[in-house]
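Record features (Swiss-Prot):
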{"type": "DISULFID", "residues": "Cys35-Cys181", "note": "disulfide bond"}
{"type": "DISULFID", "residues": "Cys336-Cys368", "note": "disulfide bond"}
{"type": "DISULFID", "residues": "Cys520-Cys552", "note": "disulfide bond"}
{"type": "DISULFID", "residues": "Cys558-Cys569", "note": "disulfide bond"}
{"type": "DISULFID", "residues": "Cys563-Cys578", "note": "disulfide bond"}
{"type": "DISULFID", "residues": "Cys580-Cys590", "note": "disulfide bond"}
{"type": "DISULFID", "residues": "Cys936-Cys963", "note": "disulfide bond"}
{"type": "DISULFID", "residues": "Cys967-Cys980", "note": "disulfide bond"}
{"type": "DISULFID", "residues": "Cys974-Cys989", "note": "disulfide bond"}
{"type": "DISULFID", "residues": "Cys991-Cys1001", "note": "disulfide bond"}
{"type": "DISULFID", "residues": "Cys1178-Cys1214", "note": "disulfide bond"}
{"type": "DOMAIN", "residues": "216-368", "note": "domain 'Laminin G-like 1'"}
{"type": "REGION", "residues": "1026-1045", "note": "region 'Disordered'"}
{"type": "TRANSMEM", "residues": "1263-1283", "note": "transmembrane segment"}
Amino acid sequence: MQAAPRAGCGAALLLWIVSSCLCRAWTAPSTSQKCDEPLVSGLPHVAFSSSSSISGSYSPGYAKINKRGGAGGWSPSDSDHYQWLQVDFGNRKQISAIATQGRYSSSDWVTQYRMLYSDTGRNWKPYHQDGNIWAFPGNINSDGVVRHELQHPIIARYVRIVPLDWNGEGRIGLRIEVYGCSYWADVINFDGHVVLPYRFRNKKMKTLKDVIALNFKTSESEGVILHGEGQQGDYITLELKKAKLVLSLNLGSNQLGPIYGHTSVMTGSLLDDHHWHSVVIERQGRSINLTLDRSMQHFRTNGEFDYLDLDYEITFGGIPFSGKPSSSSRKNFKGCMESINYNGVNITDLARRKKLEPSNVGNLSFSCVEPYTVPVFFNATSYLEVPGRLNQDLFSVSFQFRTWNPNGLLVFSHFADNLGNVEIDLTESKVGVHINITQTKMSQIDISSGSGLNDGQWHEVRFLAKENFAILTIDGDEASAVRTNSPLQVKTGEKYFFGGFLNQMNNSSHSVLQPSFQGCMQLIQVDDQLVNLYEVAQRKPGSFANVSIDMCAIIDRCVPNHCEHGGKCSQTWDSFKCTCDETGYSGATCHNSIYEPSCEAYKHLGQTSNYYWIDPDGSGPLGPLKVYCNMTEDKVWTIVSHDLQMQTPVVGYNPEKYSVTQLVYSASMDQISAITDSAEYCEQYVSYFCKMSRLLNTPDGSPYTWWVGKANEKHYYWGGSGPGIQKCACGIERNCTDPKYYCNCDADYKQWRKDAGFLSYKDHLPVSQVVVGDTDRQGSEAKLSVGPLRCQGDRNYWNAASFPNPSSYLHFSTFQGETSADISFYFKTLTPWGVFLENMGKEDFIKLELKSATEVSFSFDVGNGPVEIVVRSPTPLNDDQWHRVTAERNVKQASLQVDRLPQQIRKAPTEGHTRLELYSQLFVGGAGGQQGFLGCIRSLRMNGVTLDLEERAKVTSGFISGCSGHCTSYGTNCENGGKCLERYHGYSCDCSNTAYDGTFCNKDVGAFFEEGMWLRYNFQAPATNARDSSSRVDNAPDQQNSHPDLAQEEIRFSFSTTKAPCILLYISSFTTDFLAVLVKPTGSLQIRYNLGGTREPYNIDVDHRNMANGQPHSVNITRHEKTIFLKLDHYPSVSYHLPSSSDTLFNSPKSLFLGKVIETGKIDQEIHKYNTPGFTGCLSRVQFNQIAPLKAALRQTNASAHVHIQGELVESNCGASPLTLSPMSSATDPWHLDHLDSASADFPYNPGQGQAIRNGVNRNSAIIGGVIAVVIFTILCTLVFLIRYMFRHKGTYHTNEAKGAESAESADAAIMNNDPNFTETIDESKKEWLI
């Protein structure tokens, strides 16, 4: 438990350093001594042995490097894969390198070999590298020496070399040298009963830092290695569970509170192989490093305490019996330990000198006792034949096996006298027995037992059969044994085949049901007799093929786990597979995020404002988070919510303790930091409502209130101010209520006051905590509001550099992507070649380049030889358009994709090097005299980290920061006539000459018209304000200054109405020319043209449908001289022709009217007839040539002075959804949420600290909000009935009422004028109420 102050931290640090040194000093040579001594050259002949020799002059004793004794080296009698050369060093050595040479001056040499090692000359272990049983490249001639440094040193007394391949024109010939140094360590043997305690001098041990190191080996899968506990609930336990290492730790829990300190971490696998494994536990407070066999796992303990409090002792080898359930339910350790060090104390040395008293009954010895089991290792082409006793009426076989494969043949044997056969196999992870009978009507008896037996653990199988009876038992569980009493006659045969069966070798026509077994077996018994595998190895009796006796070389390919981001690893014998479901990632190793890195990226995929999952660091460790992307402006806002309600009352303050308000965000602080770091600008609104509650205590006092931001730093400024300035917004603007103070609240008034504003220094954001004081006085009150974090822009997405000449390059630090690497970027160029990037190692390298105008190449070498993947494009890539390149390489495969072309994939070899080892700097744009890249690269990300090309270009001579020409690639995103404008970071769409609004000029701009309302657009702006809302009609300007005559025009608009007849659009002139679009009493559409030259206007009647049906309709009218094209909704365009006598010019256009025509002079009778009472409904997208009258009325544009409005114009989209870029299909769109409630769609990923809050609102808030919604709905329903009663005679169109409706011209105007919170436009697609 943590209770004491931090006294003694210096001593603890010294202990940390000393113990770290000591724990290594007992197990390794001094760091000043290079471990590279030749270990073979001085050995006598008797230290060498081999499988065979041609003769005495070829004996293994002559296999010393650079020696010519005898025949010049060792050569076996037969050159096959069963030969080996063995060296005994006399005692254990630390081995760091190996070298080989062929037999002197001959054609005999080995080209590939394996190295096995052992402490006893039994139970051999093959040398592993990069997760595989390693095959060393050998010699290419007889006298050259080939030396290999081991990737990690090994400790062994015996080394065995097994030739895999040799010179085809000669035979096996070998001379060797092994390099290393002496090794010594104290060893203790634990028999499973004895426990070794180390008792503390003061009966207690309170530590902030610990270092515990030891080596162990065992053939048991369960057992406690060390244990310590304290009376306050602290404990530490290191134990084996199912042959995996488990560290359990508790630094303290609070029984009465929410603090739960138990932490458990599992690592390793197959640790019951009776080979040495090293463990180091390093603890500093709650930070833990657990290292097993050079693989380190870092984690932090649960809870809030830092000290480990142990009482009396720490024990090794088990838990002393204390009467507690935990002490009797766990098995003690059975095996060997060496070099046990606890915080600098050499436990093994104390035990050897009898300074420690073992507890429990048992034997403690100081030499390692080896097991008597002999394992045998099978591969896909192996089998083991052992003899049996012929013609016995009892068939009995038992063995233990371990494997990763769910299927495989375990045992096969024929009965004597052709009675049938028995096959025992593994089928879908169960053991099955199939007895084929040839003498009875029943042809086969099948029984099975067990489940999940391909988990890599040892499992025991016992099968017994006799007349009319058989029983199958798994793992000694007699209660679950499977029996059968089917008719059966048994006479045992003379051969038993384990692991495989070859028909052609045994004159059998029987086909086994399963493929050969891949795994290990041991303790094989046939006819109740233990099989002597050493005799089988000498083929007396029995035989075998491709098996390794006295070795179990099973590999756990899921340790270490190459499946990233929580992917689940499953394996077979020679491969593994990652399941990435519900992780948010994809790919062979769950490396690639399925989400975009930012809202900016979603915008350019055509998405609209909504909730999205983003992954700011891509393939990095942070994971995805859910944010709201607001895309209604040119720059996208990313909004991260939290759980604090607006105007939350501040309670709980007293003079001794401040009130602390903690904000819980819908993402972790690391995730939010990734957003703020990449954003161009961030802000967060804060407000403090106060009544006799001071805020910052300005001008000179200590602040009563502060907020905590990123990195847990306190800040003493408020919204609207900046860092280092203890002021509020009013203090900056000098308009505080009392000018003596810098905050309104600091004046300490008894009336409610407010200090509010935006915090915009993004390096301090987000606000994670607000600490409030000064609310304890009589009458003091305060309310706190903190808005969501809002960030704008994405510096990473447009981060770019221009490469002005082929010899230019940018350099960065070495790329770290040993086992997993992903690279993505955009490029554009006019040249057909160039190196994008390159990083070199001693032999390894990685390179991406444009090889030709249509080819992109990804090449690399991890030690297995160069690999190149090429994507070929059907169209040139040097077209000055942006193209995206994505390359990935991991231990499973490598891939390359360009744009949306098919991805090219190359599988990695099942054996070989897997680590990409690079040493040089990373060069972007080419280096080393190669053909450099000429063009532009942007958004270069490597393993989730964006390289800052812009900043590096600024400090590199000859470079241009940023890129131009974005419109060449993205200009098509600007729709409806919008113009693409280049920006330093990207581009924008200019919608000023369109009837649309929004980022891509795809948002409708429309308005709702009530009866009698109208809009006039004068083609020449008058001198006075044309937007005066009076009903005055200005006199026409001088005709000489009117709009020029038109030989062609285009009119586009959308409308919806339920009233007919009405005028939709009317264009007048200073002559008699006009153009009108109207709805007739029947609801049909009519276009009337009068260009002069005809007695009557030319009419186009569209009679095939009722247009006054309340649905939105789009109209496009285009005239070129006498030809008119009309397109209505989705119908095909229809052409019409004006009479031959008609003029071709629209003379002197004057004004454009919407809703109603208010014009002086003579008006066409048909127009006059339909002009009353006027249009009621919605108009949008109205455009006449380059003029958008509605947009000019609703937006402050240069044309706004031309507009005059009668009535209150209320914006609406007329029920039409805004146009968007062509969306991706839902099948390929991982962020597609349309099938869910976008505000509540939850991804099953927990991004760190607790469960993510839906849209930043917790469950309690949702319940409160639901109750409030029900109350409001009830009130609104009551109001609707009251309004229906009060206005039952008026019959006009209404939307929601608001205060001040009596003085407003409409209910909608009342909402706009009186409700400051009203920000949404009226959506006519919603249900309309006719009152």
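Just so it is clear, glycine is given a Cβ too, placed from its N, Cα and C backbone atoms.
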* If you count Cβ atoms within 10 Å of the Cβ of Cys1214 (disulfide bond), leaving out that atom itself, what do you get? -> 25
* Give the sequence-ordered list of residues that share a chain with Cys558 (disulfide bond), lie 6 or more positions from it, and have CB atoms under 8 Å from its CB. => Ser269, Cys569, Ser570, Gln571, Phe576
* DSSP on Cys967 (disulfide bond), three-state: which is it? -> helix
* Asked: Of the disulfide-bonded residues Cys578, Cys590, Cys1178, Cys1214, which sits closest to Cys989 (disulfide bond) by Cα distance?
  -> Cys1214
* Could you tell me which of these disulfide-bonded residues, Cys368, Cys520, Cys580, Cys989, has the fewest other Cβ atoms within 10 Å of its Cβ? => Cys368
* disulfide-bonded residues clustered about Cys1214 (disulfide bond) [Cα within 10 Å; pool: Cys963, Cys980, Cys991] -> none
* From the disulfide-bonded residues Cys181, Cys520, Cys563, Cys590, Cys974, pick the residue whose C-alpha lies nearest to the C-alpha of Cys967 (disulfide bond). => Cys974
* Asked: Of Cys967, Cys974, the disulfide-bonded residues given in the record, which has the fewest other CB atoms within 10 A of its CB?
  -> Cys967
* **Rounded Cα-Cα span from Cys980 (disulfide bond) to Cys1001 (disulfide bond), Å** => 10
* To do: Based on Cα distances to Cys563 (disulfide bond), point out the closest of the disulfide-bonded residues Cys336, Cys368, Cys580, Cys590.
  => Cys590
* Spatial neighbours, same chain, of Cys963 (disulfide bond) - Cβ under 8 Å, 6+ residues apart -> Ala800, Ala801, Ser802, Lys828, Cys936, Arg938
* Which one is it: of the disulfide-bonded residues Cys35, Cys336, Cys980, whose Cα lies the shortest distance from the Cα of Cys578 (disulfide bond)? -> Cys336
* Asked: Are any of Cys35, Cys368, Cys552, Cys580, Cys980, Cys991 (the disulfide-bonded residues) within 10 Å of Cys974 (disulfide bond) when you go C-alpha to C-alpha, and if so which?
  -> Cys980, Cys991
* Taking just the CA atoms, what is the gap between Cys590 (disulfide bond) and Cys520 (disulfide bond) in Å? -> 31
* How many other Cβ atoms are found within 10 Å of the Cβ atom of Cys1178 (disulfide bond), counting all protein chains shown? -> 24
* Given Cys336 (disulfide bond) and Cys1178 (disulfide bond), what distance in Å do their CA atoms have, once rounded to a whole number? -> 87
* Write out the long-range same-chain contacts of Cys552 (disulfide bond), meaning residues 6 or more apart in sequence whose Cβ is under 8 Å from its Cβ. => Asp273, Pro375, Val376, Phe377, Arg402, Cys520, Gln522
* Roughly how many angstrom lie between the C-alpha atoms of Cys1178 (disulfide bond) and Cys991 (disulfide bond)? -> 22
